[in-house]
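The annotation signal peptide is assigned in Swiss-Prot to 1-34 on the grounds of sequence analysis. Among the features that Swiss-Prot reports, topological domain 'Extracellular' is placed at 60-619. Taken from Swiss-Prot, the feature domain 'Cadherin 1' applies to 61-165. According to Swiss-Prot, the domain 'Cadherin 2' annotation covers 166-274. The feature N-linked glycosylation site is assigned by Swiss-Prot to ASN261, ASN420, ASN461, ASN542. Sequence annotations record features per position, and here Swiss-Prot assigns domain 'Cadherin 3' to 275-389 based on sequence analysis. Marked as domain 'Cadherin 4' by Swiss-Prot on the basis of sequence analysis: 390-494. Per Swiss-Prot, the feature topological domain 'Cytoplasmic' maps to 641-801.
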Amino acid sequence: MWTTGRMSNAKSWLGLGTSLYFWALMDLATTVLSSTPMPEVELDTLFSGKPQSHQRSRRSWVWNQFFVLEEYTGTDPLYVGKLHSDMDRGDGSIKYILSGEGAGIVFTIDDTTGDIHAIQRLDREERAQYTLRAQALDRRTGRPMEPESEFIIKIQDINDNEPKFLDGPYVATVPEMSPVGTSVIQVTATDADDPTYGNSARVVYSILQGQPYFSVDSKTGIIRTALMNMDREAKEYYEVIIQAKDMGGQLGGLAGTTTVNITLSDVNDNPPRFPQKHYQMSVLESAPVSSTVGRVFAKDLDEGINAEMKYTIVDGDGADAFDINTDPNFQVGIITVKKPLSFESKKSYTLKVEGSNPHVEMRFLNLGPFQDTTTVHIIVEDVDEPPVFEPRFYFVEVPEDVTIGTTIQIISAKDPDMTNNSIRYSIDRGSDPGRFFYVDITTGALMTARPLDREEFSWHNITVLAMEMNNPSQVGSVAATIKVLDVNDNAPEFPRFYEAFICENAKAGQLIQTVSAVDQDDPHNGQHFYYSLAPEAANNPNFTVRDNQDNTARILTRRSGFRQQEQSVFYLPILIADSGQPVLSSTGTLTIQVCSCSDDGHVMSCSPEAYMLPVSLSRGALIAILACVFVLLVLVLLILSMRRHRKQPYIIDDDENIHENIVRYDDEGGGEEDTEAFDIAAMWNPREAQAGAAPKTRQDMLPEIESLSRYVPQTCAVSSTVHSYVLAKLYEADMDLWAPPFDSLQTYMFEGDGSVAGSLSSLQSATSDSEQSFDFLTDWGPRFRKLAELYGASEGPSPLW
């Protein structure tokens, strides 16, 4: 069994046989677990510090709990308690074992004596209790001597944690002018100590900084205003420091602090005031409408919506000439021009401007009035203005037959300035590119300069300029619209070419065409045209004209029996007259074709040439024509054939063509890939060769006639005629001013190294080609293909080298 008393008392109380005893020793500062059993009591009663009654009351006994204080700072292990078995005779045969939470790490046990110690610093805030198991074993056999029993070690709290503000620092806002006691914000501090044990976690609040403006409730932590009429304009920001102290605020308690930043929000408690009671401004008389004259500003100590302003002109002689608007960003009043100004008409204006708050709080009306006024004096400054036309626009009507130089309008302008300078008039030629008009430079008389034609231009829009004589930069302008009135100067005419068709079987009185006319003149009351046959066709026996009295006319036949063979086309002149003054007329021609038609009146053919030949040809004439055509064709073919079979120029055989080339070898055995042929004709006529042929890349050097003999093959020495000829040509080339400045001479002093062919001198060892076979040249590869063809394939005489 587990107990905390002496063995005799434990046996008498519990009536048990063999048992295991618990001994516990507590620190002297706490309740001592004496040799008598400890009754189970509440912790706040056991450690509250209140006087305990000396009367003994009967309670239930708890034997399986130990108590130890946290934060032990001694150097020796902290003694917790003692385990003892009644089977332990003190000879060390019993071994005590401790297991469970913290066994061997936090708590240790002396396996011989059963003493339990704490070897680590304990913190109740980290762990409030530990549950362990104890067992007594036979040291020699390891057999359990007692059943395993469980017990608890509780950590008793001490005041080792100060209150903390987990949400600090705090930010709060309260309106200015708030009444005393207005709640601002609530702060909360927490204490990690055991709230059920003593006053370690009992927190009270106090204010360390921020008085006399604010106060704090000691229990709830609510911060309130403590001073009335706090003005934001005087002081806007406050820093309040709040302290939270445990142990109920008693001396020795731990404390924590936090900062509360409080801002006074604005209310509309300040009326606007103009810093100036009089403003003076100036504006040019030429300032356009809506241009800015100046600004006024009413100062308001409030901010935001409470500082919004509204400016109005409440009085003065300039209310109709000027306007004022409020700038929403800067809350200033902007005075602008409302209508055009004139220095000559009025030189100054006076305005009375009011600035007011549109948002007023009723509880602060006693601080008003919330508007203010100021006086603005505006002076109009004179400028040199351009001439002004009266009227501002001209509309002129003129007939198109007006004579050149006729005055159609007097344009008038004047200088609005007091100096009244002289004016010169002109026309903006960009508005009158045809130069139909001109204006008198001094009088402003607008006159015609060219004949007018309404049918060409019925409207003219010109711009007349007026310039001051003393200041040509001052130019005024006015628009003049000129309408050209119509006169009857155009005769009516057909709008298009009329062509009518009449059938051969047409009857008399049949309608063959309806015609109309157009007139370019402008009709005032509607044009009316009259149609009739022209005088030269008044007695036309074939056709007649009937006026429809609606500006159209019908063309009718007078007879029947029209025949294409007799006359296929008729031309009918028609006279068209208008109703203008004077009467104008013109003659239009109607073309009428006679056509073959079907019985139902559909036109079949209007071309008489389709039915007969204009000239009868005999069969003999046709045969003669065909014969001439055949002869011409044969001649053409003969000429073409002769041109194609023209004798071709003589082409020199390829084998003989080798005599026309000089072959240059950079090394022996190079074959045709190392050759560069030169046209022999260029040697005979170097001027033409230079003009016609593209220049060739060559290796230039000064001509050395005297050294030529050392490079000439031996065969050349035998033929002295050829040698002399070459020297003569070389000298001629050197002396020719048109020849290239250098001749290309190559030196062949060494035979090529590594050539599969031996010396070429073997080619000259025989007296004739028949004495030696040159078939081996074909085995030397493509580089010697040309040489193999020269010596192996040719059957003619050997070339002369």
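A Cβ is built for glycine as well, from the same backbone N, Cα and C atoms used for every other residue.
In this structure the alpha carbons, written CA, of ASN542 (N-linked glycosylation site) and ASN261 (N-linked glycosylation site) are 120 Å apart.
Cβ contacts within 10 Å of ASN420 (N-linked glycosylation site), excluding its own Cβ and spanning all protein chains shown: 10. The Cβ of ASN261 (N-linked glycosylation site) has 13 neighbouring Cβ atoms from other residues within 10 Å, across all protein chains displayed. For ASN542 (N-linked glycosylation site), the number of other Cβ atoms no farther than 10 Å from its own Cβ, over all displayed protein chains, is 15.
A straight line from the CA of ASN461 (N-linked glycosylation site) to the CA of ASN420 (N-linked glycosylation site) spans 29 Å.
Cα separation, ASN261 (N-linked glycosylation site) to ASN420 (N-linked glycosylation site), rounded: 73 Å.
Per DSSP, the secondary structure of the domain 'Cadherin 1' (61-165) breaks down as 0 helix, 49 strand, 56 coil. Per-class residue totals from DSSP over the domain 'Cadherin 2' (166-274), listed helix then strand then coil: 3 helix, 45 strand, 61 coil. Within 10 Å of the C-beta of ASN461 (N-linked glycosylation site) there are 10 other C-beta atoms, taking all protein chains into account.
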